[in-house]
Amino acid sequence: MKLKTFPGGLHPPDNKEWSADKAIEDCPLPEELVIPMSQNIGAPAEPCVVVGQKVKKGEVIGQAKGFVSVPVHASTSGEVVAVEPRLHSSGRLLPAVVIRPDGEDAWVEGLPACDPMTLTPDQIREKIRTAGIVGLGGATFPAHVKLSPPEGKIIDTLILNGVECEPYLTADHRLMLEETERLLDGVTILKRVLGVERAFIGIEANKPDAIDVVSRACAGRGIEVQGLRVKYPQGAEKQLILAVTGREVPSGGLPMDVGVVVQNVGTAVAVSDAVRHGLPLIERIATVSGPGISEAKNLRIRVGTSLSAMVDFCGGLQGDPAKIIMGGPMMGATQLSLDVPATRGTSGVLLFREGDLALVPEGPCIRCGRCVGVCPARILPTTIAAYARLDLINEAEEYNAMDCIECGCCTYTCPAAIPLVQVIRLAKGAILAKRRKV
């Protein structure tokens, strides 16, 4: 198999060996589930339950508010003990529904199972929407929106993202090995929704067992596994499209502009569960790893489980954590506390101690060009960051700041330790604010 890739990128130590061979384990239900209403890009859900109400597993507890929004469901059966702002992974206090499990874990009645091949594409999209399915690669964009191309947009290719290029994370790797049939069933359903014949599953070459298992299972199904070179950020949407199809998404454009839709492999499994069995998205696979954890594991967690409960199930901490990251070390978000609840977008939790972190003071740019060489978006990070720091937002926009995918390659490679991606992220926020005023 010829391995494909994209221009730019880099090769940080992947540290996946800590958990790559660890089979998925079920994380026990905690004494309390804190289920945020904000778990997707777009409008957050609005709570529709009250304190003291008894709820069943899979029951809607948050109603979607708009097209780019999805409902939120109870992750187990129990009693609603609070509807209030709680600490969110964004670092803010945001609305959440708090459930005390009753130990029965009883499903709500009336979840409709059916044969997906008897449904129209619109009916499948509606099932995906009502199940609350979002992109499980980390972006959490509502899946039904991605599967609803505007009139005139012709989609001819579906790509399933099984790359998992972030260091430490192995949840998608284990899912492809252990949930292969559900994955391919989901791919078949997604092909039906989009009306496409071409479907690829992109997997990096550091997962030869997954390439082998999924390739054999794909035989005769019209789904092709594409091996990819090990390079970060190979799993970024536009870079994955370029590597697999040779098509380049234009500046300011979307994958649909080149006839492609990309979904994560975990999303495909969730689609199978939702459409075939009527099950909403109330759990996911996440990796707990890093030098600050006693034992790295891949866990099946319920949405609303605290990070502390996940850590405890992995044997607890080794020393005091100096940094807690939700997601991967390159694009993940630093957390204020282990009390933060896991959401649909929680692909992993990483723990680092003081001695594990190399803290280097920022110095002046030496014009070495390393950030330009590794940038997968082919922009000029140091120039954009310089304009942003001078509050020259128009100039930053002219240099295509909005094309930045925030992968962190520039910051990682900068010998002066300039926080380039953080500065560019702030510039993008300023550009969006300016556009909203126009």
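Cβ coordinates come from backbone N, Cα and C, glycine included.
Annotation comment: TrEMBL describes 355-385 (among others) as domain '4Fe-4S ferredoxin-type'. Averaged across the domain '4Fe-4S ferredoxin-type' (355-385), pLDDT for the predicted model comes to 95.
Annotation for Cys365 ([4Fe-4S] cluster 1 binding site): spatial neighbours Thr382, Ala386, Ala416, Ile418, criterion Cβ-Cβ under 8 Å with sequence separation of six or more. Mapped onto three states, the DSSP output places Cys365 ([4Fe-4S] cluster 1 binding site) in coil. The feature [4Fe-4S] cluster 1 binding site is assigned by TrEMBL to Cys365, Cys368, Cys371, Cys414.
Per TrEMBL, the feature [4Fe-4S] cluster 2 binding site maps to Cys375, Cys404, Cys407, Cys410. Of all the Cβ atoms in the protein chains shown, 25 others lie within 10 Å of the Cβ of Cys407 ([4Fe-4S] cluster 2 binding site).
Sequence-distant neighbours of the domain '4Fe-4S ferredoxin-type' (395-423) (same chain, 6+ residues past either end, Cβ-Cβ under 8 Å): 8-10, 12, 232-233, 236-239, 251-252, 330-331, 360-366, 368, 370-371, 373-377, 379-385, 387-389, 430-431, 434. If you look up TrEMBL, you'll see 395-423 (among others) marked as domain '4Fe-4S ferredoxin-type'.
Within its own chain, the domain '4Fe-4S ferredoxin-type' (355-385) is flanked in space by residues 6-10, 233, 236, 238-239, 290-292, 322-323, 396, 399-401, 403-405, 407, 409-410, 412-421, 423-424, 427, which lie at least six positions past its ends and keep a Cβ under 8 Å from the stretch.
Taken residue by residue with DSSP, Cys371 ([4Fe-4S] cluster 1 binding site) is part of a helix. Compared over the binding-site residues Cys368, Cys371, Cys375, Cys404, Cys410, the count of CB atoms lying within 10 A of a residue's CB peaks at Cys410.
In the structure as shown, the Cβ atom of Cys414 ([4Fe-4S] cluster 1 binding site) sits within 10 Å of 24 other Cβ atoms.
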